[in-house]
Amino acid sequence: MVFRGHGCSKNLGISGWCGGDKRKISEKVVLRVNSKVREHNNIHNTGKEEEGEEKKVIGRKMESVLKPLRDGESVLDLSPRSTVSGGVEDVYGEDRATEDQLVTPWTISVASGWSLLRDPQYNKGLAFSEKERDAHYLRGLLPPTVLTQLLQEKKLMHNIRQYKVPLQKYVAMMELQERNERLFYKLLVDNVEELLPVVYTPTVGEACQKYGSIFRRPQGLYISLKEKGKVLEVLKNWPERTIQVIVVTDGERILGLGDLGCQGMGIPVGKLALYTALGGVRPSACLPVTIDVGTNNETLLKDEFYIGLRQKRATGQEYYDLLDEFMTAVKQNYGEKVLVQFEDFANHNAFELLAKYGTTHLVFNDDIQGTASVVLAGVVAALKLIGGTLPEHKFLFLGAGEAGTGIAELIALEMSKQTKAPIEESRKKIWLVDSKGLIVSSRKNSLQHFKKPWAHEHEPVNSLLEAVKVIKPTVLIGSSGVGKTFTKEVVEAMTSNNDKPLILALSNPTSQSECTAEEAYQWSEGRAIFASGSPFDPVEYKGKVYASGQANNAYIFPGFGLGLVISGAIRVHDDMLLAASEALAKQVSEENYRNGLIYPPFSNIRKISANIAANVAAKAYELGLATRLPRPQDLVKYAESCMYTPVYRNYR
């Protein structure tokens, strides 16, 4: 059952331009529009040529870590490589109508009441009014009571709170999403701080481990090696045509849990639920995808309930051919402006894919770029508590994978932006420790390409504790995926070097966190400024209560994606990540600082996402990468007006 709304809302929304325009977006159209954007921007930049040139130079410098892998190409070059025509038609969907506008939940023929109750997009359960029950053949199919959405929400939250096991809460929420989509998002939006750990980290990690056992019905597209040569046909099997955000994983590195193969689907599903609840991207515009090329997890291969391909993971040319077919089909089917977010790919593939498709597609890697942006925001906010400017601090990382190097690079970029020094100079204030010890120049020949920029001149150092003692960092960041690595001795060493050490234990899920909030505060005698990747309860130490922040990617990626969508961006540039960090850091209030927090509460997440979206969109217009013209005067208000709201609609 596909809906087509009646009438055109004055609100442009986020799914296209108003009107019956059915032209498809092609590369030529995008490039033509892009030149208009640049021309439009130049008109308003008269007298600022020198400043503009400086920004352009810095902007290109920002991409330096990936440019060697792109043969010197910049995302601003709009590479013609691998371009294909195609894209979605601009059609009206239900969410283009205003909330008080009557809509009709059918397209060609009237849906039966029985079908309506089983369509999660339109089902309202006991909230169908008496008039709707008569109009849509629902009489007798429901008990006589009519409930409000708020009462339904109250009842379901009561039921969910009865479960003591987080996975039971997860299953209950997923069943609600499959039954009543708007009610699911209403619960999530109104109870975000309570339910975020249920639908996302840390519970989603356990859900992925047991996905085969709790699997009810498919929630996205599974593209396996069996579909090679037919990926475009598979995409066309998905019922929605106006897709704006795709989250895709190959399941090789799910959180800190390793290779979960096809069962990694829980991650794209969870991420896209947050795109809607926290960022306001409508659910019908979201598509979760799992690329199944097998798994090297022997436990899963022997599990009778495993739902994926029972073979060793494909690598090399076979792997990249399938990914290339997928990326080509995505642009052909959904157009230039669909955002593809790579999620939980292993290091050796994550950087390769981001480098390869960054100049030809609108792509974003949350593990590399999203994590970096949210951590940079926390560090910038923490400066008000620990003092000094960003370039005055020294950073030490435990973990030199995609998250660690991604964070390090973005911090270096921001330092370079502030000091106007070459990025190579900024990198010298950032040190990384991997499984073999401190990354130093004597190890350079044996390092992976993404670690080489961090190989500084220094004697070999074998352990994290020794590195803390000799480097004397002011900021310690954990992205290793290995729990309990910030030991008492490490925290004490950080505290002996700093009045207020900034300690970020970012690894997920909770079991893999480098240390707990309680350990950080006790071992530092209450002096540490602490934030983590997974949530921790407030800690009482010597009569004072310490509330730690959560450096959660959910602060960044929903608003970041919304900013790309509302501006019609066609590429992601590193300056957009800096813009997102800047917007998030500004949302930390004086009251938050007084409580020792370096991140704002999630209860304000929709407002936060709107501000991030506006900053990202502004940067897209400034760089000439936005295609949605004319540019709205107030981007924050525009972002808020484009957000999906889960309030029930009234049917004719």
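Glycine residues also receive a Cβ, built from the backbone N, Cα and C atoms like all the rest.
Residues or ranges marked as domain 'Malic enzyme N-terminal' by TrEMBL: 177-358. Among the features that TrEMBL reports, active site, proton donor is placed at Y200. As annotated by TrEMBL, (S)-malate binding site applies to R253, N508, N552. Residues annotated as active site, proton acceptor in TrEMBL: K271. Feature annotation from TrEMBL assigns divalent metal cation binding site to E343, D344, D367. Residues or ranges marked as domain 'Malic enzyme NAD-binding' in TrEMBL: 368-621.
Spatially close to D344 (divalent metal cation binding site) yet at least six residues away along the chain are T249, D250, G251, E252, R253, I254, L255, G264, I267, D367, judged by Cβ distances under 8 angstroms. Summary for the binding-site residues E343, D367: the Cβ-based neighbour count within 10 Å is maximal at E343. Model confidence over the domain 'Malic enzyme N-terminal' (177-358) is summarised by a mean pLDDT of 93.
Taking the residue listed as 'active site, proton acceptor' as the reference point, the recorded positions whose C-alpha atoms are within 10 Å of its C-alpha, out of Y200, E343, N508, N552, are Y200, E343. Distance between Cα atoms for E343 (divalent metal cation binding site) and N552 ((S)-malate binding site): 15 Å, as a whole number.
Proximity of Y200 (active site, proton donor) to non-local residues of its own chain (separation of 6 or more, Cβ distance below 8 Å) is seen for G270, K271, A273, L274, N552, A554, given in sequence order. Annotation: K271 carries the greatest number of neighbouring Cβ atoms among the recorded positions R253, K271 [cut-off 10 Å, Cβ to Cβ]. Cβ neighbour count for N508 ((S)-malate binding site) (all protein chains, 10 Å cutoff from its Cβ): 24. Highlighted in sequence order, T249, R253, I254, I267, F342, F345, A350, N365, D366 have their Cβ within 8 Å of the centre of the Cβ atoms of E343, D344, D367, the residues recorded for divalent metal cation, and are not part of that set. The Cβ neighbour count for N552 ((S)-malate binding site), using a 10 Å radius and every protein chain shown, is 26. Largest Cα-Cα distance over the residues recorded as binding (S)-malate, namely R253, N508, N552, equals 18 Å.
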